[in-house]
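Enquirer: In case it's useful when we look at the structure, here is the feature table from TrEMBL:
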type: DOMAIN; residues: 183-449; note: domain 'PKS/mFAS DH'
type: REGION; residues: 183-302; note: region 'N-terminal hotdog fold'
type: REGION; residues: 316-449; note: region 'C-terminal hotdog fold'
type: ACT_SITE; residues: ASP368; note: active site, proton donor
type: DOMAIN; residues: 915-992; note: domain 'Carrier'
Amino acid sequence: VIAAVAAAERFARRVNMEVASHTAFMDPILDELRAELADITPQMPQIPFLSTVVDPLGPTPVLDARYWADNVRQPARVNQAVAAAGDKYGTFIEISPHPILTHTIDEILDAVPHCSVATLVREGDDTVAFHQHLNSAHPVSPRELPHPSGSYPVLPTTPWRHTHHWLVVESSITAAESAPRPGRLLGTHIKIGSTPTIHLWQARLSPDSKPYPGSHRNNGVELVPASVLLQTLSDAAFEVSGDSAVSEIRFEHPIIVDRPRTIQVVADGESVTVSSKSVSDDPAARWVKHLSARITPRNESLGLAVDSSLTNGHSGTPFDDDAVTALWLTWGSEGRPFEWSLTSGRLTATHLRADVASAQSGTAALLDAALHVARLVDNTNPELMVPASVDDVRFGDAPADGRAGVTVHRRDGGEGELIVDIAVTTADGARCVDIRGLRYTVLNVTNSDDPSSIAHAIDWQPWDAELQAPSQPGTVTVVGGGVAADRLRDGLSAVGHHSVGIAEAQNVVYVADPGPTDESDLDCAARLAGEVADLVAALADRDTHPPALWIVTHGVHEAASAAAVRQSCLWGMAGVIRAEQPQLCGGLVDLPTDDTADAAGSAAALSSILRTPAKSILVWRGDQFLTPAFTPISGPPQRQPMVCQPDGAYLITGGMGALGLLMAGWLADRGARRLVLAGRSALPPRRDWDSEEIEASVRNKIAAIRALERRGVTVDVAGLDVGSRAAVTDLLARRDAAGAPPIRGIIHAAGITEGQLLTEVEAERLRDTMWPKVAGAQVLNEIFPPGSLDFFYMTAAAGAVFGVPGQGAYASANAYLDGLARARHKLGCHSVSLDWVAWKGLGFGAEAHVVLHELERMGSRPITPAEAFAAWDHVEHYDVAQAVMVPLPREGKPGESASGGAGPVRDWAQLPADEILSELEIGLRSILARELRMSEAELQLDRPFAELGLNSVMAMAVRRDIEQLVGMELSATMLWNHPTTAALAAHLTGKLLPQDDVGGDAAASGGELPESTDSVLNELFDSVESAPAGWDGI
């Protein structure tokens, strides 16, 4: 047979085999083999099975007795099976003590990319062979290790260059490289040799080394959960004092897990603080304090008065695990930091009971569950709320079985306030966690918060408006005394303008007179602002063809003289005119300080723009007009970060207000150890601080001061009228006599605000509003001249730049601070005026809802304290005299609504007067009904707005909607001067038509001004929200 096969040029050889499988020699044993295997019950394979007995492309065979009999009798379909497998798979592993089929597979799949691998090799090392073949079955790459930072020697690329290459070993703090402990932020423990001993835990937190296994994303940002923060404080307290109880916990800034951060937990015998710093080469990176707590002795556990029916499951609204997850998702939070589940839960208006379980040991997961379900006690609030502060936290032993009951009691609080007590108990009633006085706050954090989106500088750029050439000389009135007014009056006459009385003038030009040098800055500012307000009141009565009011100052842009600083208050007044009386606003023009040599040129320049109202501040320099633009403060840092010296003292005026106390903590974070907090109202004697008769607002101030003192800060609280030079000098004299260190830095944050429309300004109220800012700043400037302080910050308001209705006096006072800061900065002093937007829920921002509405209109918003201080830190790195601290849209100009511009305006000029009046009444009725939330049918045309319930906040919204309706800017006093729908429609009809087309019908329909206008005006504007009349805020 072999010879015959060889003659056919085929391969044949003899093989020693005891059984000739796959041939007829197997037939005698097939029946016996089937009988022996008849009892087997094969299962269908779970992975693809390609048989060499039947067609490998056919259905999967049943591996019964018949199959195995065919296996020894029928030809082996190895070629077909391997080919079929090669169509789908590329790797073949032969499991055998020695490769037999790998060569066959290679021959069959010669034209197909594949890999054929053995398992073991005869007469070889089994371990080595196995791992060698295993590695050849899949790609293998060496484990990548992070490249350590630091410098390295350059090695030669050629082997014959022999020289020495020394490694530079740099010292490093290895504690920063340790990951935080599970469930905590504690890293390596370091005892610092001091009295008392200070304990430091330092860890490296990163997205890859979180102390919790799950995730915790709020508004798409990963944050360290409150459960980890509370556990961190408690564990640190226990390691220091042997007791885990902590109190007076304050959550200041969330810890964002977006990049590597060094975490430091510092504890002494009385307090614990948690801070972090971004791990980067950025010199501007600074330590941020996230939370703090006081270490307190353990008291008796908290007994919650819980509705007993909740514990037996007979009342309350039931909820389950899915409901908890769904609610948190609607609030903008997703993920669970730890694994836990809720088995049952019931809820009433003030109580909650839930049973939770976790497979993880310890209290971390159960605490996390308790904090999650506790928020459900107020499930009607759609805001994402997170812990803001806790009165007291105590930990006990964790349950052995990982099961616990969570009891939540909601305390009585103010409107929109959520305060709860939480107890986590084991099955036998033992407390493992007690939480008292957990206060929630609305969370507003994004991963893209950038201080440069808030901190802006003013960049003066050429004004590119297209000027309208006058067809004939206009009429003008120049108001103001002094040489500057006389020169400008003569110059305008020289270029063809006719000087007339105010009643006939097309343009009214007010020229600021800085007055005599012996006049105080406050007297000058009050006089200038009062004169402009009187002008506005007189001109506002001209409803048809109103004149354009222009204000002229000299040298305010450079602030190079005391006279220029005095006039700077009018820069704030100009913005308020634009906001309240846009039909009157021409603009403000700042001319050079000494324009005697070119008086004619200045007059000609002003003449060229009188027919093109700028409605803005313009600076005339170098034969061109410049206009302000806002640009983010950015670029390479120009200054070192501010560090307060422990041997110096730092003064904060308005230091007893909500913002002043926050600023005190900010200075303490920067090393200040002696603070002087000045406010108009002093605190009660320290012996009475714990009296129950003290008001809640005063108790909050005392608590803040005690918190500063626990940080090692000496706080001197001074009742002080900062506008009185005698009072300030007396304070400094007393401190000097007592051996107190000198004042090295000042934050001037004193201020009050009181809403007054410019048409209703009262001289006494105007002066009172200006007093703390203007008089106070002048006193501080004189007592602490440039060069005597490390820094002088003046907290002004952005309303001085943008203009807010009703804030003429306040804006003027803040604009004065801007001018003073520029003057001191010009002399080399580190003086900065910070024009703040409203701080969310604090100071002016907590009261002035008109301001909040105006912010929304211009596409901005209030800022949180965390955002404010981050922006402040950012400004500290740059050499600027004025910073506008307002979140502004990246595209568009301030003043444009974030929602876009108005739709197309109707061409009213094409309609007759009666149709305009009719359509305006319909449109006004719709706008007012929508804002007042009443049906249009209920809104009577002749009913005064005050009787309908319209307040100042509503009036701002109504005014903007009406401006979109008619397509023109309107006065803020429009609703007051025309206080019914009919009167307002008649007034607007007269503005939309040429004067000679306005017939008597419009006036007859209600256009006459009622005799009670003044009372209606006062009644409406009395509802303009004003900050409390104290000096404790921006």
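Residue 1 is the first one shown; counting continues down the chain.
Glycine residues also receive a Cβ, built from the backbone N, Cα and C atoms like all the rest.
How buried are these features, and what lies next to them?
Expert: When pLDDT is averaged over the domain 'PKS/mFAS DH' (183-449), the result is 83.
Sequence-distant neighbours of ASP368 (active site, proton donor) (same chain, 6+ residues apart, CB-CB distance under 8 A): TYR212, PRO225, SER227, ARG336, PRO337, PHE338, TRP340.
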Enquirer: Tell me whether ASP368 (active site, proton donor) sits in a helix, a strand or coil according to DSSP.
Expert: helix
Enquirer: With DSSP as the reference, give the number of residues of the region 'N-terminal hotdog fold' (183-302) in helix, strand and coil.
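Expert: Residue counts for the region 'N-terminal hotdog fold' (183-302) by secondary structure: 16 helix, 48 strand, 56 coil.
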Enquirer: Tally of helix, strand and coil residues over the domain 'Carrier' (915-992) according to DSSP?
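Expert: Its residues fall into 56 helix, 0 strand, 22 coil.
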